[in-house]
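Student: Could you have a look at this structure, given as structure tokens, before my questions?
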Amino acid sequence: AGFPEQEPEPKFWNDWAQKTLDKALSLQTLNKNKAQNLILFLGDGMGVPTVTAARILKGQLRGQPGEEGQLEMDKFPFVALSKTYNTNAQVADSAGTATAYLCGVKANEGTVGVSAAAVRSQANTTQGNEVTSILRWAKDAGKSIGIVTTTRVNHATPSAAYAHCVDRDWYSDNEMPADAVEAGCKDIARQLFENIPDIDVIMGGGRKYMYPKNTTDVEYPGQPKHSGTRKDGRNLVKEWVDRNTEKKGHYVWNKKDLLSLNPTKVDYLLGLFEPADLPYDLERNKETDPSLSEMVEVAIKILRRNPNGFYLLVEGGRIDHGHHEGKDKQAIHEAVEMDRAIGRADLMTSTSDTLTVVTADHSHLFSFGGYTPRGNEIFGLAAFISDVDQKPFTAILYGNGPGYKLVNGARENVSTVDYQDNSYLAQAAVPLSSETHGGEDVAVFAKGPMAHLLHGVHEQNYIPHAMAYAACIGQNR
């Protein structure tokens, strides 16, 4: 791909830097407006290496070298670092971290919406240790609230916004041990509808956890693995519909029904587009499955009608899944789609009254390197072969994961396989069935009112405090 022809001229770089300097100087007038609206974009597993790779991919999808491009999040004026550790884990999981950036307190791994006094899977440590989230603070302040995710709506990230649960895996009562049910613990799907009964917009996957056991799925009638899971016989979707129909509530399960809604006539929306997680963006059926950008657009159109403003949590949740599976291509394309959603939200909001924050819960053992030349195809090979085993290697590698593979006792020669395939497993140094999270700090990008409060190296649980202060909600009313 080479590089733009003006780059050898010092003037090009000096002019660019001076323009950037002008922008930086304009930031000396801080935006101290009150934030009417709050949007948090959470890229699950979107560490800095993932952000950089997504930037390059975004440019290359447009036929450019990629490195010089800008993601939407790159344009945000304020950037901080977030320390992601959980109270009991150096390398964090998505549940304890979600409790931090949504509820404002650090917590143990595997737990959502409870303090560190609660112990994972120990039902009797729930009561008295519940902590509320910024979603609740916003609702209490009269704002509309929404959750949009590409995972199950009762997955770790969204669940910390409304649930108090000592185990992130208690998706429905089917996944709970008997002692937890007897102790009166509620599964996460139930809590979605009962704890904050009037969440205005809920979109994502997770249909099967809402229906009685063996209820056939509407989209996959011939596949028992997608059938309902609930042992208590409740149909949570029907209960929601019965409760909300007269309040301009609509339930949808496919893209056509979603996009045929008139958002000015919808007050409550429940969209469950898959039995579990939504498909990867690269594998999405563009006729039946909405993209993250499409869901975000509908959500904002509904939420912004509230004169008191709104809080919206948007999760690009499958960046994380791609990395765990060692499928670098899926992960990075997911990150690019989340960036598109950030751009869509930008077109629909104003920095004068909307604070937008983009961050990750944790990183991954994902890296790219190998002295690749400018414009090197991001999923391509490094420019030279190994001087140890005389074989080529891809620029992208994982520290551990399912991509560890030996052929005749030696590292696989990647030139003999299709490393451009969507489901190719990038090579990993240590064999694991699932690649792990990374422990380093993650970036926090912020723009809008009081965005300058996100400015240095912070504990992750500081994020909702800064956002709440900007909107004068929660402890900062």
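The chain as shown is numbered from 1 upward.
Each residue, glycine too, has its Cβ placed from N, Cα and C.
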Student: According to Swiss-Prot, Asp320, His324 bind Zn(2+) 1; which one of His437, His452, His455, His458 is annotated to that same site?
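Tutor: Swiss-Prot names His437 for this Zn(2+) 1 site.
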Student: Which candidate from Asp22, Asp44, Asp74 does Swiss-Prot annotate alongside Asp361, His362 at the Zn(2+) 2 binding site?
Tutor: Asp44
Student: Roughly how many Å lie between the Cα atoms of Cys165 (disulfide bond) and Asp361 (Zn(2+) 2 binding site), rounded to a whole value?
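Tutor: So the Cα of Asp361 (Zn(2+) 2 binding site) lies 18 Å away from that of Cys165 (disulfide bond).
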Student: For the recorded Zn(2+) 2 site, whose residues are Asp44, Asp361, His362, find every other residue on that chain with a C-beta no more than 8 angstroms from the centre of their C-beta atoms, and list them by sequence position.
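Tutor: Close Cβ neighbours, site residues excluded: Leu42, Gly43, Gly45, Met46, Thr84, Ala92, Ser94, Thr97, Ala98, Thr157, Asp320, Ala360, Ser363, His437, Val442.
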Student: When you tally the Cβ atoms that lie within 10 Å of each candidate's Cβ, which of the disulfide-bonded residues (Cys165, Cys185) has the highest tally?
Tutor: Cys165
Student: Out of Cys185, His324, Asp361, His362, Asn413, point to the one nearest Asn214 (N-linked glycosylation site) in space (Cα versus Cα); all of them are recorded positions in the record.
Tutor: Cys185
Student: Among the binding-site residues His362, His437, which residue has the fewest other Cβ atoms within 10 Å of its own Cβ?
Tutor: His437
Student: Cα within 10 Å of Thr157 (Mg(2+) binding site) is the criterion; apply it to the recorded positions Ser94, Cys185, Asp361 and give the hits in sequence order.
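Tutor: Qualifying among Ser94, Cys185, Asp361: Ser94, Asp361.
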Student: For Cys185 (disulfide bond), find which of the recorded positions Asp44, Ser94, Asn124, His155, His324, Asp361 come within 10 Å, Cα to Cα.
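Tutor: Close recorded positions: Asn124.
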Student: Based on Cβ atoms within 10 Å, give me the single least packed residue among the recorded positions Ser94, Asn413.
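Tutor: Taking Ser94, Asn413 as the recorded positions, the minimal 10 Å Cβ count falls on Asn413.
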